[in-house]
Structures are given as structure tokens and as C-alpha cells.
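Visitor: Sequence annotations record features per position, and here Swiss-Prot assigns disulfide bond to Cys31-Cys64 based on similarity to another entry. The domain 'Cupin type-1 1' annotation in Swiss-Prot covers 36-232 and rests on sequence analysis. Annotation comment: Swiss-Prot describes 345-494 as domain 'Cupin type-1 2'. What Swiss-Prot records for 249-335 is region 'Disordered'. The signal peptide feature in Swiss-Prot is assigned to 1-21.
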Amino acid sequence: MAKLLALSLSFCFLLLGGCFALREQPQQNECQLERLDALEPDNRIESEGGLIETWNPNNKQFRCAGVALSRATLQRNALRRPYYSNAPQEIFIQQGNGYFGMVFPGCPETFEEPQESEQGEGRRYRDRHQKVNRFREGDIIAVPTGIVFWMYNDQDTPVIAVSLTDIRSSNNQLDQMPRRFYLAGNHEQEFLQYQHQQGGKQEQENEGNNIFSGFKRDYLEDAFNVNRHIVDRLQGRNEDEEKGAIVKVKGGLSIISPPEKQARHQRGSRQEEDEDEEKQPRHQRGSRQEEEEDEDEERQPRHQRRRGEEEEEDKKERGGSQKGKSRRQGDNGLEETVCTAKLRLNIGPSSSPDIYNPEAGRIKTVTSLDLPVLRWLKLSAEHGSLHKNAMFVPHYNLNANSIIYALKGRARLQVVNCNGNTVFDGELEAGRALTVPQNYAVAAKSLSDRFSYVAFKTNDRAGIARLAGTSSVINNLPLDVVAATFNLQRNEARQLKSNNPFKFLVPARESENRASA
């Protein structure tokens, strides 16, 4: 038995450790994009407990980035049935609270019921399973390749989860098409129609079967040591297709979870956001310029002052991995293992921002330095919000493609390619997605009272270079180099370097505020 456990763990490490390899490169000319579009989902699959919407992964800009995008909505007491994918995923919780779980091969069942909780056929049965986690609005959840994942909404507010699948990951040994392997049901695969558009062949006569459907009944009877009736349910025989990938659970699920976490999450993220806004004035000291210049010094005290049992939990679970320090005295010094890896981190409005200007907005990022599991996935993310007429200065992603999904409001974005051509100059509004290829320059200005977005990035340590403002590329060039490069007088070059005192986020001009009032 010990050998089997060791073998399973070795397989799991091989499965996840391979992510250190580079992503596969796009085919020639795939990223020579002369035009970008803000895209809406173009496929919708209804289920008993919600719906799944998908964007076409064959679209040129998604093919350039090597990703697929989908959005799931779960109503109260809705369960997204367990499935696994051929590529790693980042899931952002746009709205709602609930539970999620993953199954890692070889890891122990660390959650169990008390002995008196259930009885059957004269003997006590105690349910045991791997860890179940809570999620809340603003969370990023990392799902490795081939790992079974499920989620459940136990609240009245619908859960909206936006998922990016990195189909160009080196861990995807199939074709460049996202695939979901469901453990139950007989519903339609959400990306199946795009596979047909690409010229793929039908893999089965019935394209809605689950992973058990193709096995003979007697194989499954022997494998599970159960009767044929249970096997028929396992294979989804005679099940209504309308149930779909998201099913309603009558009476709700009974989930083993620490009671203090349940109470904390039942308060919901809205209360946390209200508390966050009440504390905001504490940090609005000094001029707007000082706010940005002192962001590094203020970040740690602000983080410590945040109420946030969730923030404290995140900090404890993340431990010293960000700074290479041990989580606590007496720690054995080992790297966090697959079985105990932290799988989520909150980057939403209730989290402590990395970049903050009270008159312009805020930005929060998560990389593998914050959430080490992202090192396996080779992905990271960014959440930001802009006040009306505030601008995110022109910048570019050093080492990643960026898929920007608008959460709320609308903004005008401009994107420029290597030839100096504008490939996008338009509005990005809530529910739409825009791909910004690596090194393409982009700037954004909010057209709403508050524009918020999440950006998925195809590198676990994605970085940006700013083209304007303090500490930007232009600002860090010698004055004479700037003057000679742009054919400017020295005083003009000095203005170009120093007139914008802000690093990232530029507040609206007073004239713009008056015009919008």
C-alpha cells in the first residue's frame, strides 16, 4: 500500500512539475494581428442549475495567446459536476461565495465525518475526502492540468466564475482545443462545437457522454463492486440532458468544513467591502503624488491594518514563500507539497492593493511569488479598477499575453502593435474580453464612475513596463538621449520626463471632472 501511495504521489509531482517547461510557441504569423476586437461569448449551454458560456477559441486573438475563455453561472444549491481538463486553468470569482474542491492523486483524505454522523446497514460509515475550500468574490483559483475540480453555490447570490484555460501549456499533450472530461452526466461539451468548426471528427456517436460511459457495465461493476443500477447512474443512462453540467441539489449539500470558516463566509464579501471603504480615509494622507511615491512603504502597514480574517488566513497559508522564510518556528523547511498547496488567493476589492491612488483607482496582482501553485501553471492575474476619466498609463507586458475581461462599467482602450499601428481603439464594456498580445502597448481610460477588470496573464511572473510617468521607460532615459531621440529641446525633453508625477494611475483632469458633472 505504501508503494502504491508513493507511486501516486510521484505521478502527481510529475504531472505538475512538468509545468516548469516553457509554453509552446504560436505558429508563424498567428500573432501578426492588424485588428483586435472586444469579444462577447458566442455559445451558451443551459443547465438545470445554471449555464456555461464560451468564447470561440479559434478566434485569431485567442489562438495567438493560446488560451480559451468561459464563464459559468451557478444558482443557489447548484453544483458544477466534477471534471478535469487537458490544460491548466485560472478561475476568477466575479460574484458570489461557495465551496470548491480538487482531487490530487495520492494525497490523503484529510476531511472526515464524526463517527455518529451516519449509520447504514448495521455499521457506522464515516465519509472521508480531500480538503474542501471556501471561495468568495474576488478569488483567483488555480486548477492544474488533469486535476478533478468541482464547485458549489450555497448562497442566494448567483456565483459567476470566469475561467481561462491555457491550451498552449506544455502539459497539454492533446491538440490545441480545450477539453472537459466530466465524471457524470450526458450533457454537451461546452467547447465541442468549436472542435467541429476546426474540422475535428466526432469522437463518439453520442457526444454528451461522461468518462465512464464508454466502459462496459461489467468492468465498472467489478471495479466499484456495485450493482448494475448504480453503474447505470454512474454512466448517466436515462438521465435528462437538461440537467447538464450544473445540477440542482435538493435540500443542499452537507459539506464537512470547519465551522469558523462557514460563519465567516456567511457574512459575505459585501460586509468586508463596506468595512474596507470605511477604513480608506486612513490611507488618504498627503498629496496624490505622495500616495503613489510612498506605495511601497505604505503597503505592508496597510496590509497589517486590514481587518480581514480572510487576509490573515491568506497570509498564514501563503507563509514565507514570498520572501523565502519559514511559515512558523519549528517548520521543517520543506517546500509546500502538492497535497498542502494553497490553491486560491483573493485579489478583489476587499484585498489590500499593490497600487493605489484614491483619486484614480487601484490594482492588485497575483503571481507565483504570492501563490506558488501558479509556478506550475505558468499563469498569473491582475485585478484593477479605475475611477471616471482616470487613466492607466501606456504600458506593455514584458513576458506575457494578457486577456482582459471587463467586470463592471466600461473603458476606452487603445492598443498599438510593433509597426506603430492602432489595432484597437474602442470601448471595452462589462462581459467582454480583449486580448493584448505580448509587447503590444496599451492604455485605458475609464468612461464609467468605476470600471473594473481582471486580466489573465500567460506567465507566472508577468511584468509590465510603463511608457509614461514616474519611473517609466522614458523617465529613466538620460535627458540628452530623450532630446536626441524625439528631436526635442532640452526643456521640452525635461517636460516629457517629469511633467507626469504619477507612476501607474493618472487621476482625471479637473476639466474632465467639470465636464462630466
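Keep in mind that glycine also has a Cβ here, set from the backbone N, Cα and C atoms.
Quick caveat, the model's predicted, so the values are computed rather than measured.
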Visitor: Within 10 Å of the Cβ of Cys31 (disulfide bond), how many other Cβ atoms can you find? Include all protein chains, please.
Guide: 22
Visitor: I'd like the number of other C-beta atoms within 10 A of the C-beta of Cys64 (disulfide bond), please.
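Guide: Within a 10 Å radius of the Cβ of Cys64 (disulfide bond) lie 21 other Cβ atoms.
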Visitor: Across the domain 'Cupin type-1 2' (345-494), what are the DSSP residue counts per state (helix, strand, coil)?
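Guide: Helix, strand and coil residues of the domain 'Cupin type-1 2' (345-494) number 17 helix, 69 strand, 64 coil.
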Visitor: On the 0 to 100 scale, where does the mean pLDDT of the domain 'Cupin type-1 2' (345-494) fall?
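Guide: That region's mean pLDDT is 96.
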